[in-house]
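Residues or ranges marked as [4Fe-4S] cluster binding site in TrEMBL: Cys34, Cys118, Cys216. Look at TrEMBL and you will find His63, His96, His146, Thr186, Ser244, Ser245, Asn246, Ser289 tagged as (2E)-4-hydroxy-3-methylbut-2-enyl diphosphate binding site. Sequence annotations record features per position, and here TrEMBL assigns dimethylallyl diphosphate binding site to His63, His96, His146, Ser244, Ser245, Asn246, Ser289. According to TrEMBL, the isopentenyl diphosphate binding site annotation covers His63, His96, His146, Ser244, Ser245, Asn246, Ser289. According to TrEMBL, the active site, proton donor annotation covers Glu148.
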Amino acid sequence: MTSASPGIEPAGRPTISSSSAAKRVLLAKPRGYCAGVDRAVVAVEKALELYGPPVYVRKEIVHNRHVVDTLRERGVIFVDETSEVPEGALVVFSAHGVSPAVHEEAAERNLRTIDATCPLVTKVHKEVNRFAKDDYDILLIGHEGHEEVEGTAGEAPDKVQLVDQAEDVAKVAVRDPSKVIWLSQTTLSVDETMERVDQLRERFPQLSDPPSDDICYATTNRQVAVKAMAAECDLVLVVGSTNSSNSKRLVEVALKAGARASYLIDFATEVDESWLDGVSTVGVTSGASVPDVLVMDLLTWLAERGYGQVDEVTTANEKIAFALPQELRKAAKADSGRS
Ligand code: SF4
């Protein structure tokens, strides 16, 4: 379902060296930070720089423990709801996006807002609005309780039904089977989503497809890279947090693609040494919210245990970058005009 995205150069068929080294690491590329995460983290850093602490952030800016802890140390206060932000203060909305109700609540409380929603999540919000306006029933494939899904569904709560597990397909009720469309969360497993779409289409043969892929380029590319090396790996270590959807999907994809074992870890210190018993090839990758320093720590940890040879498996070269939220661009411009 995924076409080549602008700003991405396919890397051609990856070659995996048939090294004679008894112990080696295959390192997936692309891995780690995506353009949306980079933009959201830089937005918070810029807000700290321009306005000074405290800067409030609604929910975790991105789903990564290291990133959140580092920003907290620099003066960011993370809250669950805008109601916890003092009247008139500055609040940043996370990369996962928020519903219109959250924007309204912030306006009622006179909060100054910076919206760090990833543009690719905003794109799905716009699709919901467009199809809701055309009176479609929208079947949103995604994980119940995930912040992104709450924000996306909140654009048109009376028109959107969430489809998470296979058993949800039977529960869907539509008004007109010729006006039904599926959309999805941006960070799902590409293969599982298509399974869900096939199940939905069995019930609703006239089901419409999204105008373009909702699963984002970063999620797709990281899954393609891990698939390319998984069958060669006795163990695949995915650096990422347990609340990171795209990181968890990488573990599942690795196992499905032939890795003998795969684990999600936040830090190198979480690796259980017994996982390495009898392991020759360790695959390493990381979720889209993970800074590469954590992967480098893991490579050092592995090298200390004999896995010093690292071969990168490249399936695409990403060149995408997003401009900072416009509230910050304006403020930065005004600030540079004063200095
Ligand atoms: S994973 Fe995709 S949708 Fe999420 S922030 Fe990154 S680029 Fe945006």
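Glycine residues also receive a Cβ, built from the backbone N, Cα and C atoms like all the rest.
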Worksheet item: Helix, strand or coil at Ser289 ((2E)-4-hydroxy-3-methylbut-2-enyl diphosphate binding site), per DSSP?
Response: coil
Discussion item. Quick check for the class: what is the C-alpha distance, in angstrom and rounded, between Cys118 ([4Fe-4S] cluster binding site) and Thr186 ((2E)-4-hydroxy-3-methylbut-2-enyl diphosphate binding site)?
Written reply: 10
Worksheet item: When the Cα-Cα distance from Ser245 ((2E)-4-hydroxy-3-methylbut-2-enyl diphosphate binding site) is computed for each of the recorded positions Cys34, Glu148, Cys216, which gives the smallest value?
Response: Glu148
Discussion item. Measuring Cα to Cα across His63, His96, His146, Ser244, Ser245, Asn246, Ser289, which the record gives as the dimethylallyl diphosphate binders, how far apart are the two most distant ones in Å?
Written reply: 15
Practice prompt. May I ask which of the binding-site residues His146, Thr186, Ser245, Ser289 have a CB within less than 6 Å of any atom of ligand 1, listed in sequence order?
Written response: Thr186
Response to the item:
Within 10 Å of Ser289 ((2E)-4-hydroxy-3-methylbut-2-enyl diphosphate binding site) (Cα basis), scanning recorded positions Cys34, Glu148, Cys216, I find Cys34
Item to complete: For His96 ((2E)-4-hydroxy-3-methylbut-2-enyl diphosphate binding site) and Cys216 ([4Fe-4S] cluster binding site), determine the Cα separation and express it in whole Å.
Response: 12
Worksheet item: C-alpha of His146 ((2E)-4-hydroxy-3-methylbut-2-enyl diphosphate binding site) to C-alpha of Cys216 ([4Fe-4S] cluster binding site): distance in Å?
Response: 16
Worksheet entry | Fewest other Cβ within 10 angstroms of its own Cβ, chosen from the binding-site residues His63, His96, His146 | His146
